[in-house]
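Asker: According to Swiss-Prot, the feature domain 'FeoB-type G' maps to 1-167. The GTP 1 binding site annotation in Swiss-Prot covers GLY8, ASN9, PRO10, ASN11, CYS12, GLY13, LYS14, THR15. What Swiss-Prot lists as GTP 2 binding site is GLY33, VAL34, THR35, VAL36, GLU37. Look at Swiss-Prot and you will find ASP54, LEU55, PRO56, GLY57 tagged as GTP 3 binding site, backed by sequence analysis. Here Swiss-Prot flags ASN118, MET119, MET120, ASP121, GLN147, ALA148, HIS149 as GTP binding site, drawing on sequence analysis. What Swiss-Prot records for 276-296, 341-361, 385-405, 422-442, 447-467, 512-532, 539-559, 657-677, 685-705, 715-735 is transmembrane segment.
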Amino acid sequence: MTHALLIGNPNCGKTTLFNALTNANQRVGNWPGVTVEKKTGEFLLGEHLIEITDLPGVYSLVANAEGISQDEQIAAQSVIDLEYDCIINVIDACHLERHLYLTSQLFELGKPVVVALNMMDIAEHRGISIDTEKLESLLGCSVIPIQAHKNIGIPALQQSLLHCSQKIKPLKLSLSVAAQQILNDLENQLISKGYKNSFAYYFSRRLAEGDTLIGEKAFTESLLIKLQETEQNLDVLLADARYQKIHEIVTLVQKKHSDASEHFTAKLDKLVLHRFLALPIFFAMMYLMFLFAINIGGAFQDFFDISTETIFVQGSGWLLQQLHAPNWVIALVANGVGKGINTTITFIPVIAAMFFFLSLLETSGYMARAAFVVDKAMRAMGLPGKSFVPMIVGFGCNVPAIMAARTLDSERDRLLTVMMSPFMSCSARLAIYAVFVAAFFPSGGHNVVFSLYLIGILMAVFTGYILRKTTLKGHASPLILELPAYHRPSLRRLLRETSLRLRFFVYRAGKLIIPICVILGGLNAITWGGGISSGEANTDSLLSIIGQWITPLFAPMGIHQDNWPATVGLLTGMLAKEVVVGTLNSLYAQVGHVGEIAAAHFDFWGGIKAAFGSIPANLSELGSALWNPVSASAADSELSQSVYGIMSRRFDGAVGAYAYLLFVLLYIPCVSTMAVIRQEANKRFMWTSIVWSFVVAYTTSVVFYQGAKFLDHPQQSMIWILAMSLSLLFVLAVFRYSQYGMGRQNAAANT
């Protein structure tokens, strides 16, 4: 077996190459001692097994104690600690000179290296030609030109891994005699300490460049003190010598003609990064994303809803009825398992459209610019602009958004981002928004969704600001981020990335929704006395009693006693937001006897025909749906219309529905998010996030509802608004004067 490390700069196409090499044979875990994700994969070449470990993207192998992210520490440490046979160094052919800096450091390890020269087609399009044979001769290692996104050059790269036993000699750098002598002395001291010759050579260069995390701390610190006494600028001299050598190589192997794409990127950036137009363009892009998800995705929602409703809910109910099964069994299977499957599959098109648009923004190069656009506004409040990149990831799911915070250099910035990310509207919340928009907002539904996303962003910024003034005081680190050139992503790549994200989401949602729906069906069938109900609408069931007992707590935000299913939806939503829609569908259907009607009038072929007929009907109305997105999102089946009708009667109109959505937006996303906060920060931050999110959600929802209903009962509304305002001020005071000192605690101490 051959074990290869995959390493390269950020945005070099490393992950695309990893996917091309390993396909579905991948494993995801964590690096030892930290929560940074570790990706490994393997593939067979004949009878030879090759294992690939994907290291985090880095610009350099120098690891300092401060000013470096966990990802960079992992990459720098892995090339030393892991057992491997060779290194695959992925280089962006469009930025050869910049990427060869990391290559020059890898050569100093003395390990076999294969250079994968990626994005050759893009380089040619930009007028860049590279003599790969000459580059191979000058570097002394295999150089394989590839196009990872098109699978071009992958077989040649795979073959090169079978013949990568030749060790690489470091590049000869032009250093002064004094500087070279210092490096030799460092190397000899390391050898005398027991280091192997190859590692001693590598460590001496890292120490000279200011690496403080290698070797034994006491020994390396003593060497660094001596180094500073003899030559304080050795790190600068080394970097300069590297760039001189790299420039010589690039001059010999690369020819660059006029670059039309660079001119295009520069011209487009003048507009996208314009001082006054940048923010409006950013909000316009976000707005287009919601329009696309609600309308284009919603056009296919009826097909999934009607077809799965016909097969899994009505079909299973009819079949069990023919078998003379008890009503509680029909309710458990049809409105439990069947409704769970129906709910999971129904919101696939909206979520898929969301993921597709996010992938388009990321691969086109705009997402990196979004961080720069919001950087100035966020830094004015002392918040890191770079944190907005993980927060945008939160539009898909809060869990990877929080995990992406590990790429931030500052511990303070990382913790701020971890605490801010849960307020970003994830795709699971979008499924809830789509249902309520269809039921309560017959026009301008996309504006409602946009407002919720905007409120989530503002609340995240507000949370960061409060933490900056209390437990996480300090200054935001400067934003240093590479702006990639604009790309025209292929449809195949977009569909593949969308498919990977969607598959993970549906699997995660389905394994939660279906069991929850079964449990809810069971609780709704079991009475308080322990008996089994024979009907579907049972006000004496355990579920009904629990919901009715808790519902008065939510009365100030417009949830009345008869709307207890909405309360149960909030409770199950703490497990996962994907479950809320399934909970509401299941409970409202049971309360309204919808399942009985569906079973009595079951028409399989009629349902399938209606499902397929909904696609052209919705697509033909797409133009008007851009102004009225509900027409693309609402379900046309009798069952869906019945559920929407029950919902519209139970909630206090559009005001009550919007107050409910505000609570859904702001309270904890799911237990998975809380667990990740526990891992990425610590237990104290997790509980702080839980308490803060509930306080903010309850206060915002109550203040909105009471403010909207102020004319109906001014005295009552005024009391509630004042009470909520005072409660929020009290919580802020606790944050301000807290003696816990969360920001001083080691975030890795998970005790």
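Just so you know, the numbers here start at 1 and follow the chain as drawn.
Glycine too: its Cβ is placed from the backbone N, Cα and C atoms.
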Asker: What three-state class does DSSP give LEU55 (GTP 3 binding site)?
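Answerer: In three-state terms, LEU55 (GTP 3 binding site) counts as coil.
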Asker: Between the binding-site residues ASP54, ASP121, where is the Cβ count within 10 Å the lowest?
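Answerer: Comparing Cβ neighbour counts within 10 Å for the binding-site residues ASP54, ASP121 gives ASP121.
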Asker: Among the binding-site residues ASN9, THR15, ASN118, GLN147, which residue has the largest number of other Cβ atoms within 10 Å of its own Cβ?
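Answerer: Result of the Cβ crowding comparison: ASN118.
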Asker: List every residue in the same chain as PRO10 (GTP 1 binding site), at least 6 positions away in sequence, whose Cβ is under 8 Å from its Cβ.
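Answerer: Those within reach of PRO10 (GTP 1 binding site), by Cβ under 8 Å and sequence separation of 6 or more, are GLY57, VAL58, TYR59, GLU482.
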Asker: So among the binding-site residues PRO56, GLY57, who's got the most Cβ atoms within 10 Å?
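Answerer: The residue with the densest Cβ neighbourhood is PRO56.
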Asker: Using a 10 Å cut-off, grab the number of neighbouring Cβ atoms around the Cβ of ASN11 (GTP 1 binding site), all chains included.
Answerer: 18
Asker: Counting across all protein chains present, how many other Cβ atoms fall within 10 Å of the Cβ of LYS14 (GTP 1 binding site)?
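Answerer: Here the count is 25.
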Asker: Relative to the Cα of ALA148 (GTP binding site), which of the binding-site residues ASN11, ASP54, PRO56 has the closest Cα?
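Answerer: Of the binding-site residues ASN11, ASP54, PRO56, ASN11 has its Cα closest to that of ALA148 (GTP binding site).
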Asker: Neighbours of the GTP 1 site GLY8, ASN9, PRO10, ASN11, CYS12, GLY13, LYS14, THR15: Cβ within 8 Å of the Cβ centroid, same chain, sequence order.
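Answerer: Nearby residues not in the site list: GLY57, VAL90, ASP92, ASN118.
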Asker: Among the binding-site residues MET119, MET120, GLN147, HIS149, which ones place their C-alpha within 10 angstroms of the C-alpha of GLY8 (GTP 1 binding site)?
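Answerer: Among MET119, MET120, GLN147, HIS149, not one has a Cα sitting within 10 Å of that of GLY8 (GTP 1 binding site).
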Asker: Same chain, outside the transmembrane segment (715-735) by at least 6, Cβ under 8 Å from its Cβ: which residues?
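Answerer: For the transmembrane segment (715-735), the far contacts come to 466-467, 470-471, 556, 691-692, 695-696, 698-699, 702-703, 706-707, 709.
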Asker: Under 8 Å Cβ-Cβ from MET119 (GTP binding site), six or more apart in the same chain: what's there?
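Answerer: Listed in sequence order, they are CYS12, GLY13, ASP92, ALA93, CYS94, GLN147, ALA148.
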